[in-house]
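Novice: Please find one structure pasted underneath; my questions will follow.
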Amino acid sequence: TMSCASNASHSPVFLLLGFSRTNISHTLLFFLFLAVYLATILGNVTLVLLMSWDSRLHSPMCYLLRGLSVIDMGLSTVTLPQLLAHLVSDYPTIPAARCLAQFFFFYAFGVTDTLVIAVMAVDRYVAICDSLHYTLVMNHQRCACLLALSWVVSILHTMLHVGLILPLCWTRDAGSNVNLPHFFCDHRPLLRASCSDTHSNELAIFFEGGFLMLGPCALIVLSYVRIGATILCLLSAAGRHQAVSTCGSHLTMVGFLYGTIISVYFQPPSQNSQHQDMVASVMCTAITPLANPFVYSLRNKDVKGALHRLLEWGKVDP
């Protein structure tokens, strides 16, 4: 029998069933996600240390990239360690308080990630279209303010959605569990499992969340339209190639991150929506934080040079 559980303040227990119905061995998934998590932490920590120690990597872009690496480590740490524990457990449960805490930190890190990516697009715009004033416009103080503003906007956004989730009730089984067909406490699965009216939550996702996505997306598009126009006006092929190469890494991650977010949160429900949500969420929580340091380091000659010096001499030149 099913009943409608009381809201989060009465502490239902959520049973995370995301990988329970898969035919893939849980042992294989455990070692796969463990490798992804360790590589994510190692890659991002290496990038942060390189950019902190090497004076050649103290540019505004590297300052923002260092902040992005910290965010990526937080984003993967919010979900993957718990997933690893649940993969070796017969009873993958999470109490309501921890579920809401995970929800809060996942969205705080995730939204900040999207905003910092947009700030990086502005940085590329200033670097290419107004290079003479680059160090004046994108100084470290301004970058720090933009990072702080990204965090403030993200936390306010997340608090709004936590506030809308708190009053909800969930359908539970004959015991005290609320079944979630997902591997962490994400927005859509929580709303699907609720037996309350979630109309206001859906409206908030579509309008407030959509507006929060539209702003950074518009900023990125406008920045790259101006960058494209500037590149086309450059006379030398070498200058055009250098300008394009400085934007390649960023454009790769923009497509990866925003494509994943849109596929999860801004598409109409379908029969396969739960499976699509799972795949896209794995991309967002595991693959994107893993890819960021490697994409940027492999395409950035300064980062590659610093890493080469570190490996060759055992230290980074001050």
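Quick reminder: no glycine exception, Cβ is built from N, Cα and C everywhere.
Note that TrEMBL annotation is computational and uncurated.
Feature table excerpt (TrEMBL):
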type: TRANSMEM; residues: 28-51; note: transmembrane segment
type: DOMAIN; residues: 43-296; note: domain 'G-protein coupled receptors family 1 profile'
type: TRANSMEM; residues: 63-84; note: transmembrane segment
type: TRANSMEM; residues: 104-122; note: transmembrane segment
type: TRANSMEM; residues: 143-166; note: transmembrane segment
type: TRANSMEM; residues: 211-235; note: transmembrane segment
type: TRANSMEM; residues: 247-266; note: transmembrane segment
type: TRANSMEM; residues: 278-298; note: transmembrane segment
Novice: Compare 28-51, 104-122, 143-166 by their Cβ pairs under 8 Å to the transmembrane segment (211-235) and return the stretch that comes out on top.
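Specialist: Most Cβ pairs under 8 Å with the transmembrane segment (211-235) come from 104-122.
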Novice: Can you give me the average pLDDT across the domain 'G-protein coupled receptors family 1 profile' (43-296), rounded to a whole number?
Specialist: 83
